[in-house]
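Quick look at what Swiss-Prot annotates:
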BINDING   Arg23, Asp28, Gln47, Ala48, Asn49, Arg59, Lys72, His119, Glu143, Arg167  substrate binding site
ACT_SITE  His62  active site, proton acceptor
ACT_SITE  Tyr132  active site, proton donor
Amino acid sequence: MRLRPLGIEGVWEITPEQRADPRGVFLDWYHVDRFAEAIGRPLRLAQANLSVSVRGVVRGIHFVDVPPGQAKYVTCVRGAVFDVVVDLRVGSPTYGCWEGTRLDDVSRRAVYLSEGIGHGFCAISDEATLCYLSSGTYDPATEHGVHPLDPELAIDWPTGTPLLSPRDQDALLLAEARDAGLLPTYATCQAVTVPSPAPGSVGDPGP
């Protein structure tokens with residue numbers, strides 16, 4: 001398993017070591033010790049979710065108040081998605097920036113995002129199943145969304161006509177969410193997280 005920090009602080013890409021033989025494949029997609037060594041703290045598991053989507057579905061951009069905040073560890077166990085993280089932390093050097101990563105059932109990579117980072121994805125296979133571990137339980141009173149098609153974010157979704165839920169369709173734009181005081185601040189998020197080590201890959205290379 002190798003962990004690589006992405007361009008937004010607090011976001012990591014995890015590449016597992018896959019062991020294949022004629023029977024199939026086995027892998028560790030989460031390892032508490034290697035994760036904590038890279039990130040600087042373990043993931044406090046509070047809830048695990050599965051999301052099944054058909055091609056063209058876009059979900060997001062979702063985020064949780066900080067505090068309490070919610071970190072996520074996301075992988076695709078069937079099909080493929082274009083997974084997107086957005087820095088929603090007001091005052092962050094990368095505020096308003098996004099990064100996209102292909103998650104699928106071939107590479108079986110995962111993405112970790114810390115508190116204050118928005119999350120969304122687009123299903124790019126006929127059906128895609130996303131599995132994610134969360135550090136907090138779902139509470140509709142603390143969860144919010146930014147419109148995934150906000151022109152200020154300019155996310156390059158790999159679909160011509162995205163399928164959105166009514167909730168995501170009615171979500172605020174980034175500027176509206178900021179003006180409404182809904183976005184977390186970088187300082188508040190820093191107070192609830194442990195600083196990450198310097199950029200570089202962490203983990204064993206495998207046999």
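Cβ atoms are placed via backbone N, Cα and C, with glycine included.
Keep in mind that this is a model prediction, so the values were computed, not measured.
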Should any of the recorded positions Arg23, Asn49, Lys72, Tyr132 have a Cα within 10 Å of the Cα of His62 (active site, proton acceptor), which are they?
none
Cβ packing number for Lys72 (substrate binding site), 10 Å threshold:
23
Greatest CA-CA distance (Å) over the residues Arg23, Asp28, Gln47, Ala48, Asn49, Arg59, Lys72, His119, Glu143, Arg167 that the record ties to substrate?
43
Quick note, Gln47 (substrate binding site) and the residue listed as 'active site, proton donor': C-alpha atoms separated, nearest Å, by 8
Cβ neighbour count (within 10 Å, all chains shown) around Asn49 (substrate binding site)
12
When the number of other CB atoms within 10 A of each residue's CB is tallied over all shown chains, which of the recorded positions Arg23, His62 has the maximum?
His62
